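What TrEMBL says about this protein:
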type: DOMAIN; residues: 1-139; note: domain 'MAM'
type: DISULFID; residues: 179-194; note: disulfide bond
type: DOMAIN; residues: 195-352; note: domain 'MAM'
type: DISULFID; residues: 366-384; note: disulfide bond
type: DISULFID; residues: 378-393; note: disulfide bond
type: DOMAIN; residues: 398-560; note: domain 'MAM'
type: DISULFID; residues: 586-604; note: disulfide bond
type: DISULFID; residues: 598-613; note: disulfide bond
């Protein structure tokens, strides 16, 4: 229950409260204003709102399913209700001010404030206070009509130059809306020839894809060739097949090209099925290539090996693209008798975000009017259509695209396994990403770890960040982009390492396969003590076993230690006095008994008594975590130290172990 009003900030003040007590999901309560009219464009409706309940934490966005507070403009008694505001999460333990412009309304209207009950059974409810209209609005002496029918545009049969006719709607839309991944016509006619295709519709057989090499790609049905191609993916439709016709040349290429597309979002992907059977000695290949608006070619995906007698599905990242790009499926035969075909092409998550008012403080408002999650800001990906989420990143410290070096990341120069800074053009084909994430081309740099000539599975490449201040809120997050092609044993692991401590505290494992694309990961970093981030690359020994990362960044809640102006720790007593008393010296020179050191409980201010204690040890990376073997007789524990190598276990002679304090 709300305990104070907004006007007086007093427990005795009055407000309007919509309680959910003894109510069921979906029930509503509504309040209506007087009939109003607009005098001038300054007309606005204003109010303050909150959600009253007993909060157990300040993570207000975690209070789910509390229903909604909605404000409507009602223009008649029956039909025309327009939503102008909705809240579904508490603003916090305070009143939030809302100002709603009404200056464009032409007819008399009412304001309706509605509270809808959600499924959350916790007692509470929406509260509003201090409602008002500006002087640009006046009380009307008119009544609302029974019904208003909005004017319908005159139907059209043809459009002007630079426009497209939606036949079903008999209206024209701008050509810039064609192939923008948003259906503007009611029958989606504006997107019908824009690439997504089953090849089964005889009225739209290729959905805008066209053969660029005089019949090398053909729309086929049923069985073809001698390598198991019996039907399309559905079993009864069509697919696009590569013929093996040649005109005297050894090599034969076929290009299937899409139409030109409008802007694609950063999450844009293409999914398709392909068939490659009867391929020997890499004598045929299938490649997906993108050409940008400025005629730059980007190699997105390639397959050169036999895939058996089954259709294979793959999803390939396209990413953020400016208008004017297209795709090519390029198939090449070199004296091959194999069969190559594609089917079921779909574009996924390519539409830009919708323009809307941001719902809460966890969203970032793009300058072009869209909203994105605030954790996407300054992560080396243009998520706003206008790129405004990446335009001002000076406050985001420790961002690194690896174009000019390693930034604040370091690794042990004597390690057996290392990360290597490289680019697509510097590595052999098929041994890593063909392009980086930052520049999206072969010239851009990234970090890669491969098995190398001295590869042992217990020696993996470790990359260490600068030191960050302790943070337990979960708002400090590491973001980076990774490339894991192998779906078997390759992985990337993230750890926290406390200052002056060799132990690694596991946070997350990332396994393959990301396929031929860069994937984004976002990892909360929680620690009571200052910490480093350690990224471990564990490549596999098989084909495409390499792992790669690019474009690392941290959210604003991650504060590097070097940014903090420190003051000397106050001296409580002279140094050395604890030693003379046979006690342990804390960071502030205070003393504690030796028997409480390493007891899994912090007794020193700043935690020095537990900082170097091996509460966990996996004996990897050459570390014994403070344990050492002793050979002389005495108290101890009999142990066998086991080393696993090449799948075999060899036990060393038993020895006695003790742990150093």
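The backbone N, Cα and C atoms fix where each Cβ goes, and this holds for glycine too.
Shown here: features listed in TrEMBL, placed on the structure.
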residue	record	Cβ within 10 Å
179	disulfide bond	23
194	disulfide bond	23
366	disulfide bond	21
378	disulfide bond	22
384	disulfide bond	26
393	disulfide bond	14
586	disulfide bond	19
598	disulfide bond	18
604	disulfide bond	19
613	disulfide bond	17
Pairwise CA distance, residue 604 (disulfide bond) versus residue 598 (disulfide bond), rounded so that it is a whole Å
11
When the domain 'MAM' (1-139) is classified with DSSP, how many of its residues are helical, how many are strand and how many are coil?
3 helix, 63 strand, 73 coil
How many whole Å apart are the CA atoms of residue 586 (disulfide bond) and residue 598 (disulfide bond)?
13
Return one of helix, strand or coil for residue 179 (disulfide bond), based on DSSP.
coil
Quick one: Cα separation, residue 613 (disulfide bond) versus residue 393 (disulfide bond), in Å?
38
How many Å lie between the Cα of residue 598 (disulfide bond) and the Cα of residue 378 (disulfide bond)?
41
